[in-house]
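> So TrEMBL has the following annotated:
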- 5-22: transmembrane segment (TRANSMEM)
- 28-45: transmembrane segment (TRANSMEM)
- 52-73: transmembrane segment (TRANSMEM)
- 229-250: transmembrane segment (TRANSMEM)
- 262-281: transmembrane segment (TRANSMEM)
- 287-303: transmembrane segment (TRANSMEM)
- 315-347: transmembrane segment (TRANSMEM)
- 371-395: transmembrane segment (TRANSMEM)
- 407-426: transmembrane segment (TRANSMEM)
- 464-483: transmembrane segment (TRANSMEM)
- 516-539: transmembrane segment (TRANSMEM)
- 555-737: domain 'Metallo-beta-lactamase' (DOMAIN)
């Protein structure tokens, strides 16, 4: 059975991350199904039942995964057909994601013509406050179903599909039709009225109802940077705790019953009912549903008196989750949960707590409280070793004191805060219990804040080294345990001496030699893989003399010129009230790559080019700022960018071709134009230079190899004489897909095509990287391409990028 589960998981995972072109090719899919079906029948006829069942699992899981993917794709393509006009639609609010200056929500949308419901991500423009369960009638405006795509960045389209969202829209106006809350929504609203606007309201609603929209950005960052984000997402840990509390309640009830009626069933039922009720309060969110399914499976096995090892149960649960919903494989929370449980199982297999002895006696004889604390410490050490590489993969950083933080905050939340919240919900604030919760939660936040300073961001190379170190430590532990097990029957005098030590091993509790072999071999394979990744990373850096990277910042511009771990940034993207592209895309990318900015050059002062300058200068205070204006950013006095200025930055020569003079505030016609030369290639960066300025500076412009197309591809720039003068081979355009100006303009694209230029656009291609190699070769890569996984191919409202990408 384990092999069948493993095959099912591998097949679904492989299909879920295939390129779109592979999923469209129905010929090979049909041929593969026929071949596998024939092989399955032959195996069954030859009485090779195991192989036959594996064949059935491959066919069924593969077909089921493709059906789910194509179902989402078809719905996405239908969205502009049914929702493109301005007719009123019915909106049922499923989940409120954010409330504040604006509101966002996940909702089911339906039109009068079509009965089928479509799940949307909505930005709610009207001022009416949203609540889950409300039904509205309103007008929407579709937004591009796409996302910015930068290397290692947040993949918004993947998140959409993981939540089965097939459209995005703005709600322009709406009228409330119905507001009849169910039990969960009634309890949630009652709790909101009791808590009002307390600083800890967001934390309490997150733990009680899985509603995070009251959590501030500072609080979310606090939990992430202290390594405690798992505590505010209701998942297996919380469901298991609530089940344990229900178990205790059931045991308490049994004290009132005659002895003959005491059975294990009542406590298990009480625990199961309370856990399912808590899952209901959490609105059966994806992590909660997974935990509830696993718990139900565990209870069924217990009632039927079936025995499975933890590994067998783990594989069956994973297979069950994937059969229930293959799209779950796109969810980061699924992988974090599955990885955490996997790490715990490996750690308990490698070095269980029962192995340790205190003065030759089991640790359990120390008492329940010390044993519980030692168990918690044992788990934290194991997770720190095994889960740290996974944490770095998802969050690009760790808290260096994570073990100490979890040692006190996990018991505090588990034994005090969560039981108190449940009591408050069930008793409708009996004895003023919500106030107890507020006190505990407020103190928890206060105590947690000082630990935030120990958060450490890691670059890609540092993460690779950290993963390598963790694997080496696990290998050392595994080798030591293997040595102890292998030679446990030898050197009896030495063993007798070890037994008299304060801390010793109970070698009878050590894992089986065969299992140790598998574990050690797996770790060695992981080490080899990490060494290969490290080698590839440093080889790529050694091969690359310098690189130019156009980041995907939507309707804006940001170009990174990079040599090693140093960089020059040309423009910083846009900003808005409460955020900027610098915070969302540029800074995270620079930190992931371990790049230190030495210079920031602003083409002009328009927001879509200079909006992130202040944030970047605050993060890199020693960076030099160049602008064509007198405007200051973050109290930095700018250096002039004007014609005739040149600088030698490492091996690159950077010449400033325009403007002619510094102005009070720079607009498009005052754009700082840069020419970058390395002795082999010439790159021209033109910002938002307009047609009139192009013609004025025409005689100054040399022949170049690469040009950044001005003003995001507007027809007011990129004139034919300009293109003929520079005679570039590659055109780079930075624009947001589906922007309201329809950039790049069709006339500009026609001019570029007439010049036979290769066109790359961040809206179509995501981040664009040009690597200038030591052998003078130019290598161009983009984040979105034909081999990109299917969920990142969608880049227009309701359609695929090219007609050939349509689903058959």
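Each residue, glycine too, has its Cβ placed from N, Cα and C.
Because the structure is a prediction, the values reported are computed rather than measured.
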> Would you call the transmembrane segment (407-426) and the transmembrane segment (315-347) in contact, using three or more Cβ pairs under 8 Å, pairs 6 or more apart in sequence?
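Contact absent: fewer than 3 Cβ pairs fall under 8 Å.
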> Taking the transmembrane segment (229-250) as reference, which of 5-22, 262-281, 287-303, 315-347 has the most Cβ pairs under 8 angstroms?
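By Cβ pairs under 8 Å, 262-281 leads among 5-22, 262-281, 287-303, 315-347.
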> Would you kindly list the residues that approach the transmembrane segment (464-483) from elsewhere in its chain, counting only those six or more residues past its ends and only Cβ-Cβ distances under 8 Å?
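Distant Cβ neighbours of the transmembrane segment (464-483) are 350-351, 385-386, 388-389, 392, 398, 458, 510-511, 513, 516-517, 519-520, 523-524, 526-527, 530-531, 533-534, 537.
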> Looking at 5-22, 287-303, 315-347, 371-395, which one has the highest count of Cβ pairs under 8 angstroms to the transmembrane segment (262-281)?
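It is 287-303, which has the most Cβ pairs under 8 Å.
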> Counting only residues 6 or more past its boundaries, what in the same chain has a CB within less than 8 Å of a CB in the transmembrane segment (5-22)?
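Non-local partners: 28, 54, 57-58, 61-62, 64-66, 69, 315-316, 318-319, 322-323, 326-327, 329-330, 786-790, 793, 800, 805.
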> Roughly where does the domain 'Metallo-beta-lactamase' (555-737) sit in mean pLDDT, to the nearest integer?
96
